[in-house]
Amino acid sequence: MATLTVPDPIPSPAEDAEKLRKAFQGWGTDEKAVIAILAHRDAAQREQIRLAYEELYKENLITRLESELSGHFERAVYRWIFDPVEREAIMANVALKKNVDYQVIIEIACVNSPKELLAVKQTYHARYKHSLEEDVASNTIGDFRKLLVALVSTYRYDGEETNTGLAKSEAKILHDVIEQKIFNDDEVIRILSTRSKAQLTATFNCYKDEYGSITKALAGESPNEFALALRIAIRCITSPKKYFAKVLRHGVDSGADEDALTRVIVMHAEKDLKEIKEMFHKRTNAALGHAVAKVTSGDYKSFLLALIGD
């Protein structure tokens with residue numbers, strides 16, 4: 001369930017555009033007005049505001065926001081203003097710059113349904129004139145290239161049917177290569193990137209029954225980075241809400257990993273952040289809003305808290 005709150009009745013897009021225009025004028029920006037409007041409108045409403053603003057003032061709202069805001073607040077608002085599919089395409093592109101953030105690519109590839117991932121890839125293609133697969137391959141090497149290209153290229157079966165015999169045999173394949181620490185085995189990548197989420201859940205359950213937790217096996221005593229990437233993929237496929245609650249926990253425990261906090265809160269406020277909040281509370285015995293407020297400040301803090309619903 002979403003944490004986004006929208007007023008009732010909702011002002012017209014033209015009214016919101018006018019209030020935003022006023023917030024940009026005079027000495028300095030009225031950031032509180034920007035938050036009061038944009039942090040309380042859903043994707044369709046934000047799109048209507050963008051169109052109304054451009055029609056009224058012959059100016060691109062996103063470009064204006066970039067010039068008016070700064071720092072983590074500006075980056076959070078920039079990501080929020082787009083609809084979810086375009087946002088993920090942009091975040092994938094950003095993740096592939098300089099030091100590749102493979103975690104973001106894995107999240108996009110493994111959390112989305114096949115249709116959602118296809119929509120992100122189509123939007124990416126239209127926006128950047130390259131395929132996501134092409135850019136992932138161009139910006140990665142070795143085992144990470146094999147894994148990430150396979151994950152973003154897949155179009156999984158999305159039904160609930162599973163094959164118990166297959167789950168048992170593939171659990172054994174995974175166990176054998178993980179026990180030998182051959183994490184980059186082609187069979188591992190094949191299984192993770194082609195099987196349906198339901199089938200993979202059955203496989204990991206068989207693995208647990210026979211050998212123990214697969215994610216703990218991948219952690220090992222001295223886990224390598226590729227094994228950690230496999231763990232992220234498995235968690236995103238089998239229990240994404242629990243995974244994102246953990247990302248938020250690390251985000252506040254580290255003194256504020258703003259990229260992680262922004263990514264999870266912005267991407268999930270319209271979707272399932274309420275459940276992620278509940279898992280966060282269960283794991284930490286602290287309210288997400290309270291934890292975020294302790295490690296952030298200013299307009300950035302106010303914006304995140306508005307999306308969280310606090």
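In case you wondered, yes, glycine gets a Cβ from its N, Cα and C as well.
Some features that TrEMBL has for this protein:
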type    : residues                                   : note
BINDING : PHE24, GLY26, GLY28, GLU68, ALA293, THR296 : Ca(2+) 1 binding site
BINDING : GLY255                                     : Ca(2+) 2 binding site
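Around the Cβ of GLU68 (Ca(2+) 1 binding site), the number of neighbouring Cβ atoms within 10 Å comes to 17. Counting every protein chain shown, the number of other Cβ atoms lying within 10 Å of the Cβ of PHE24 (Ca(2+) 1 binding site) is 19.
It is 29 Å from the Cα atom of GLY28 (Ca(2+) 1 binding site) to that of the residue listed as 'Ca(2+) 2 binding site'.
Around the Cβ of GLY28 (Ca(2+) 1 binding site), the number of neighbouring Cβ atoms within 10 Å comes to 9.
Cβ neighbour count for GLY26 (Ca(2+) 1 binding site): 8 (other Cβ atoms within 10 Å of its Cβ, all protein chains included).
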